[in-house]
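Visitor: Pasting the feature list from Swiss-Prot:
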BINDING   Asp19, His20, Gly21, Lys22, Ser23, Thr24, Asn136, Lys137, Val138, Asp139  GTP binding site
DOMAIN    7-189  domain 'tr-type G'
Amino acid sequence: MTDTPLSLIRNFSIIAHIDHGKSTLADRLIQACGALTAREMTNQVLDNMELERERGITIKAQTVRLSYPAKDGKTYVLNLMDTPGHVDFAYEVSRSLAACEGSLLVVDASQGVEAQTLANVYQAIDANHEIVPVLNKVDLPAAEPERVKAQIEEVIGIPADDAVEISAKTGLNIEGVLEALVTRLPPPVGDESKPLQALLVDSWYDPYLGVIILVRIKEGRLRKGSRIRMMSNGAVYHVDQVGVFAPRMVPVDDLGPGEMGYINAAIKTVADCNVGDTITDDRHPAERALAGFKPSIPVVWCGLYPIDADDFEKLRDSLSKLRLNDASFHYEAETSAALGFGFRCGFLGLLHLEIIQERLSREFNLDLIATAPSVVYRLYRTNGGMEELHNPADMPDGSVVEKIEEPWITATIMVPDDYLGAVLTLCSERRGIQKDLTYVGTRAMAVYRLPLNEVVFDFYDRLKSVSRGYASFDYQMDGYEESDLVRISILVNQEPVDALAFIAHRSAAESRGRSICAKLKELIPRQLFKIAIQAAIGSRVIARETIGALSKDVTAKCYGGDISRKRKLLEKQKEGKKRMRQFGKVEIPQSAFLAALKMDH
C-alpha cells in the first residue's frame, strides 16, 4: 500500500481565514476520493473534537490520506492536512506547512482576502510552498470572483487568473481542485536508501495505545518492528504499529519517503515527544536532525486553580496529556493565598486560553477558576538584574524597580471602510500607533502598533462589535518597550487579595481600579461589620467602595422606659462590631472571583 513512487505523491495543506470553508472543502475532497462511505460521512469530518463542531472552528490540524485516479490515467496519493485559521493556533499551522510541499489557498468569493489569510499565506511562502488559489462560495449571490482575484494579486502578490472557482457546500468543481493539486503541486523529494529521517509533526494520547505520533518521512523507510530513536533526547523505542489515516487509522507494514502516517511505539512518558523532533533508526542513525519548528512562545499567562483542592493531582495529569496534544501550551505549578495550589499556564492568545479551559472541563471533568490573563513583562531592577514577570502578584516594590518593559504587537486589521472610523478610534483608545493605512477596493487595511496588555482582555470582542462583525484581525509580536506601568492591588478589609492584582498603564489605573471595586461591592455578601474594598498602587489608595454592615436590632427587647438601658445595649454592640472589624475574616465567595475576573476590562 505504501510503495507509491514519489512522483505520484502530493502533500498539501489547506489555508484560509476562519469560516472561509476549509473543513467543508476537506469533506468534499474526502467524498470525491471515496475515502468514507456515505453513511460514515458527516459534516466537517476532520473536526473530530466536540468543541470544534460546536464553535465551527478548527483547532487541531488533522491529516488524511486519499487516493485519486487522475485524468492522466495514474492514481495519485494525496496527503491532506486541514489547518486552523485562527491566529491563536498559528503554531498548528506552521507545523502542518513544514510537513507539506504545497497549499490550497481558500478565499471566500463574497468576502475576499482577510487578515488571517494574509498571515497564513506568508507562512506558506516562507516554507517555499507552491500555492494554488481556490475561490470558494462562488454560488452565493454576493460572490464577486473577478474582484477577489484582483484582490489576491494586489494584496498577496501571487497570480490568481487561473484560480479554481468552486462551491465546497454544493460540491461544484471539486474535480478541478483535485486536478490542480496533481498538475500544479510538486512531488516530495527523498531517498529510501538513506538512513531514516522522519519529522514528528504531532502527538496525542490514546487511552488504549498510549502515545501516538504523527510523522512525515523525509528520507529512508520506517518499518513495523524496527527500533527508533528520538534525536533530541536519545530515547529509544520499539515500533509496534505503523499506519496511515484514511481518515480512520489503517495499519500498514512500512512508510516510505514523502509519506505521512502515524506510529505507535509504547511511549509511556509524555515528555519524550517533542513536536518538531527528528526520528531516526537506532541501528543506522541519520547524521543530523531536520530543521524543526521554532518553539512557540506563550504570549498570555493566567493561573488555573481547581475549585476542589483535592483535584490538584488530577489537574497535573490532565495538563500533561493536553501538553502532548498541544505543544504550544506551557504550565508550571504555583500557589496563591486566596486560591490554594494551582498552575500558571502560558497560551498563544485568548481563544487558545478559552479552548484549553473548555477542554479541561469537558475531557477531564475538572472545575477550574482562571485568574485574569496577563502578559509577560520585563522588569529591570536597580541593581542591574532583569527578570520576566508572569504574575502581577510577584511584582516587587517600586523602589527596587528601575524600569518595566511591556510587549508590543503589530496588528493588521482589515475592515470595510464604513466602519473604519470606529476601528481607528478603538485603536487610539488602546494606546495604538498607526503605521499604515491602505485601501483595497471597498476595504481598508490598517496596520497598528499596540501594547499587548491592551489587546489581551477584550480588544477582539470590541473590534467585532464596533465593526458589526466585519473586521478581521491578526497580529505578530514586535518586541518590548519601556512603559509607565503600575501594579494595582485589591484589598478587602485591609487584606490584599493576590488573585485579583493586575498591572496596568498609569493613565488607565484609576478607572480600572474603580470599576473592579464597584463590581466586588455588588458581589461580596454583607457582613455584620463594614467592609472596605480598596484599589491601591503601593501604599496609595486610588479607589474605595464600602459594603455597609448588616444591623441587628439589639434594642427590640426593650419597651418604653429609660433611655440608658438602650444606650448600654447599643454601646455594647458598637464595641463588638469594632472587635469584629479587627479580627473578622471576609470570605470572598467563588462566584465573586469568577465575575470579577471575567469583568469587561
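The backbone N, Cα and C atoms fix where each Cβ goes, glycine too.
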Visitor: Note the mean pLDDT of the domain 'tr-type G' (7-189), expressed as a whole number.
Guide: 75
Visitor: Using DSSP reduced to three states, classify Ser23 (GTP binding site) as helix, strand or coil.
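Guide: In three-state terms, Ser23 (GTP binding site) counts as helix.
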Visitor: Quick one: among the binding-site residues Ser23, Asn136, which has the most Cβ atoms sitting within 10 Å of its own Cβ?
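Guide: Buried the deepest by this measure is Asn136.
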Visitor: How many angstrom lie between the most widely spaced Cα atoms of the GTP binders Asp19, His20, Gly21, Lys22, Ser23, Thr24, Asn136, Lys137, Val138, Asp139?
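Guide: In whole numbers, the farthest two Cα atoms are 18 Å apart.
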Visitor: I'd like to know which of the binding-site residues Asp19, Gly21, Val138 has the most other Cβ atoms within 10 Å of its Cβ.
Guide: Gly21
